[in-house]
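The structure appears below as structure tokens.
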Amino acid sequence: MVVREYNEELKYIEKISPNSYLIKKGFQPNMNVEGIFYANSKLERLMFDELRNSCRPGMTGGFLPGVKQIANVAALPGIVGRSVGLPDIHSGYGFAIGNMAAFDMSNPVSIVSPGGVGFDINCGVRLLRTNLFEKDVKPVQEQLAQSLFDHIPVGVGSKGIIPMNAHDLEEALEMGMDWSLREGYVWAEDKEHCEEYGRMLNADPSKVSMRAKKRGLPQLGTLGAGNHYAEIQVVEEIYDKFAASKMGIEELGQICVMIHSGSRGFGHQVATDALVEMEKAMKRDKIETNDRQLACARINSVEGQNYLKAMAAAANFAWVNRSSMTFLTRQAFAKQFNTTPDDLDMHVIYDVSHNVAKMEEHMVDGRPKQLLVHRKGSTRALPPHHPLIPVDYQLTGQPVLIGGSMGTCSFVLTGTEKGMAATFGSTCHGAGRSLSRAKSRRNLDYKDVLRDLEAKGIAIRVASPKLVQEEAPDSYKDVRDVVQTCHDVGISAKAIKLRPIAVIKG
């Protein structure tokens with residue numbers, strides 16, 4: 001690794017617009033392309049402080065600073081365009097969380113890297129709307145929060161209540177939301193409002209280890225812990241009335257439900273298994289990287305293809321997982337209001353993935369190319385008229401769901417043409433951590449965090465209260481800064497702001 005004084009490091013980073021910073025070749029060894037990151041004045045300070053701290057004598061161990069991780073990704077074989085850091089970027093395993101990179105599938109040296117997807121494969125967000133308003137929910141806010149908490153299994157060791165045997169799991173891994181539809185857990189239209197229509201077709205359950213399947217079998221239909229949550233939210237602001245109306249959001253005060261979860265222990269095991277195989281492939285094919293956490297394999301190698309097929313199965317697991325929780329959420333609301341989910345208009349606005357690698361067609365140097373786009377802590381954001389988004393959103397662009405930290409606002413954005421050119425149709429995914437989990441536990445008291453939420457009028461139900469400080473707003477960047485930066489640089493556009501009134505956490 002290159003070790004330089006902080007002032008020397010800064011020579012490789014150039015501010016090219018009010019919210020954009022170029023990372024020049026040479027910042028890290030063997031960079032094939034430049035890097036770029038997006039940050040406003042507040043977010044920029046965090047990026048540079050992290051870099052400055054890493055330059056101090058004796059500062060070793062842990063993850064590299066985000067800006068170094070962006071540059072190391074820029075050195076991977078077959079990368080095209082730039083290695084992109086979104087405004088919510090923070091250090092992660094291999095790739096930073098909030099790092100997007102695309103690889104030319106026609107180039108035989110191009111790679112796929114599990115570190116570019118993350119351990120929680122297809123961690124993502126689903127947003128449901130209702131025809132209820134805050135005035136309808138406020139009188140029963142606590143009861144509704146409890147009903148949701150009772151219906152959805154949450155917490156570290158939570159087990160699902162959706163009936164599932166080994167054969168069902170195999171089918172769910174291959175079919176994704178088509179399995180949920182067949183079993184009666186979703187409405188037919190839910191699939192239309194889901195990235196990839198809730199099913200990655202290249203999934204192959206035979207490429208998944210028995211250990212992963214054993215971990216995943218009891219966990220379908222569970223929220224898990226960490227930063228995962230189910231929130232009852234209120235529409236607080238509408239920035240784009242036309243886009244909001246296409247999503248079924250007409251007025252302020254309307255009630256929505258956001259479900260944030262992923263592939264649980266199943267996806268984690270798929271990633272762990274793949275990293276072992278990738279290290280062998282790297283030795284055989286003499287692939288060198290700047291960081292051993294960037295373990296990878298040629299896309300068209302056996303290991304590369306096996307990972308992509310197993311990753312797709314994990315993505316399908318996550319869509320079935322969120323679909324099962326959608327079913328349970330609809331039941332909880334119907335029970336509380338003594339009606340049906342249909343009568344409550346509990347439609348899915350959209351479902352997006354934040355951790356995935358996908359084959360997509362993009363323009364590179366004026367020509368269409370098939371790319372493998374790695375999005376880790378990054379959301380696909382397709383523009384109006386794109387063939388991969390449903391008819392309902394052809395005029396608005398794809399809805400992009402951005403969850404805030406616990407107790408803070410969330411946003412719905414829309415994809416833009418500029419984003420297609422600048423970031424291969426990618427934008428931020430959330431607030432992004434500013435404190436590590438360990439520092440959060442040391443610096444914050446969970447009782448204070450719970451009191452603050454109650455003071456804001458938020459009903460809170462938590463399976464593991466002592467883990468709450470890890471997810472406190474003080475542990476994260478301000479999601480408003482993140483979203484505004486994306487809006488200002490034009491890679492996505494603000495449509496709706498949502499405020500939580502009830503939070504269910506593991």
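Every residue gets a Cβ built from N, Cα and C, even glycine.
Record check, Swiss-Prot: Mn(2+) 1 site residues include Asp120, Cys123, and the candidate from His193, His228, His347 also listed there is His228. The record from Swiss-Prot ties Cys123, His354 to Mn(2+) 2, and of the options His167, His260 it ties His260 to that site too. Counting other Cβ atoms within 10 Å of each Cβ, the lowest count among the binding-site residues Asn227, Asn355 belongs to Asn227.
Close to His354 (Mn(2+) 2 binding site) in the fold, though at least 6 residues off in sequence, lie Asn122, Cys123, Gly124, Val125, Arg375, Gly377, Ser378, Thr379, His429, Gly430, each with a CB less than 8 Å from its CB. Using a 10 Å Cα-Cα cut-off around His260 (Mn(2+) 2 binding site), the binding-site residues Asp120, Ala230, Gly432 reduce to Ala230. The DSSP secondary structure for Ala230 (GMP binding site) is strand. Long-range Cβ contacts of Ser405 (GMP binding site) within its own chain (separation 6+, distance under 8 Å): Asn227, Gly430, Ala431, Glu471, Ala472, Pro473, Ser475, Tyr476, Val479.
In sequence order, Asp120, Asn122, Gly124, Val125, Asn227, His228, Ser261, Gly262, Ser353, Asn355, Gly403, His429, Gly430 are the same-chain residues whose CB sits within 8 A of the CB centroid of Cys123, His260, His354, the residues recorded for Mn(2+) 2 being left out.
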